[in-house]
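**Q** Mind looking over this structure? Questions follow.
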Amino acid sequence: MSNLTPREIVSELDKFIIGQSDAKRMVAIAMRNRWRRQQLPPELRDEIAPKNIIMMGPTGVGKTEIARRLAKLAGCPFFKVEATKFTEVGYVGRDVESMVRDLMEIGINLVRKEEMEKVKVKAEKHAEDALLDILLPSSKPKQPGMGFFNPAAPEEQEEQPSADQSSTREKFRKMWREGKLDDREVEIEVSVQGGGVEIMSMPGMEDMGMQVNDMIGKMFPNKKKMRKVKIREAYDILIQQESDKLIDMDNVAELARERVEQGGILFLDEIDKIAGNQEGGGSANVSREGVQRDLLPVVEGCVVNTKYGMVKTDHILFISAGAFSYAKPSDLIPELQGRFPLRVELTSLDKDDFYRILTEPQNALTVQYKALLETENLNIDFSREALEEVALNAQKFNEETENIGARRLYTIMEKILSDLSFEAPDRSGDSIVIDKEYVQKQLQDVTEDRDLSRYIL
């Protein structure tokens, strides 16, 4: 787990997210508290639970991005799910425990990727040897299933080759490393999942269908088949196969479970949509309240059964978010409110924020569009006045229509650059400066016709 200080975490988040300093400080403290907890003796460590957070603010102000960047920064398993996808136990739909199973899958993939990186050098060497075995099969008869490197019988594979064979093998090794054999086709043996029965699950019951399919799949052994591919593709397949042999999946599952339990982050979006309000009524409110009650034990701490073993949720950090346009946090049932003790309100964005979003982040929209058009050898640049005009229009359209936050910049930039994107292949080698007049010209029809702007922007 990352041991960055709160100030360093906020500094890293500032590279991608503009403003929202209160929210950044709160999540930075929450992340630092996880590191602090790991430094405590076990008997006290187990008593300290994470302080879950509710983020309130309109769409497009950075709620999801803050949580996503935080998880990436800390190297933690992170899963985002909309609270509206869940249904009360007993109804058709996803149960709330499915998000813990999804988080565990992400943890497995994260740890497996790290373990594969550790054995990468050894796997590449084994894959290269296996490739040369295919290109230069030995004269001795092969055992069944010996289409490539077999670590179970190294003494048989390492019989003393003749000088000519060694020389030829090294020549082929050199040619392979220089890329001279990339277009050549070879036949390799690959594993094929044993034939099972495909279970078609009902909408909302995909988790059950996947578990049944997985269970049936294990009843059928994997089969081997020969496949003809280019050498470069064969090398990638062999690396994957050799890595799988070198990795202990039981150890991966154990490490992943530990990481999920101690450092996992579950992001519950649209939490306001399951809050009961006075406008609706009847069965709708009852159903929403049922989902909230199902969330209680998971957020408080329980044990969820996954195909990799039991996962405790006691120390998973839950971050929930919602616009709360038609509901308030107090509309959540009191028990759930108590399990999210920290609350922070994210502010709406104005033209100054939009300008900073266009210029400051490492992945700013202007940087992205420049890079895209440079692939066609078309160089574009934006004047300061042009970006100020874009920011002003973003604020204006958000005020006059629906406020969708920074996402408004996507629609405006697409409208401004649509002609250049279409003509880019024909304007290879050109350099264009986009100024204020160009922006005004491209947006003229939608700025003058308010009804049209509702549909276009």
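Glycine residues also receive a Cβ, built from the backbone N, Cα and C atoms like all the rest.
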**Q** Name the one residue among ASP133, ASP248, ASP250, ASP269 that Swiss-Prot lists for the same ATP site as ILE18, GLY60, VAL61, GLY62, LYS63, THR64, GLU65, GLU335, ARG407.
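**A** Swiss-Prot names ASP269 for this ATP site.
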**Q** With the ATP site defined by the record as ILE18, GLY60, VAL61, GLY62, LYS63, THR64, GLU65, ASP269, GLU335, ARG407, how many Å span the farthest pair of C-alpha atoms?
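**A** The two farthest binding residues have Cα atoms 34 Å apart.
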**Q** Which residue, out of the binding-site residues ILE18, VAL61, shows the minimum number of other Cβ atoms inside 10 Å of its Cβ in this structure?
**A** ILE18
**Q** Select the most exposed residue of LYS63, GLU65, GLU335, where exposure means the fewest other Cβ atoms within 10 Å, treating these as the binding-site residues.
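**A** Among the binding-site residues LYS63, GLU65, GLU335, the lowest count of other Cβ atoms within 10 Å belongs to GLU335.
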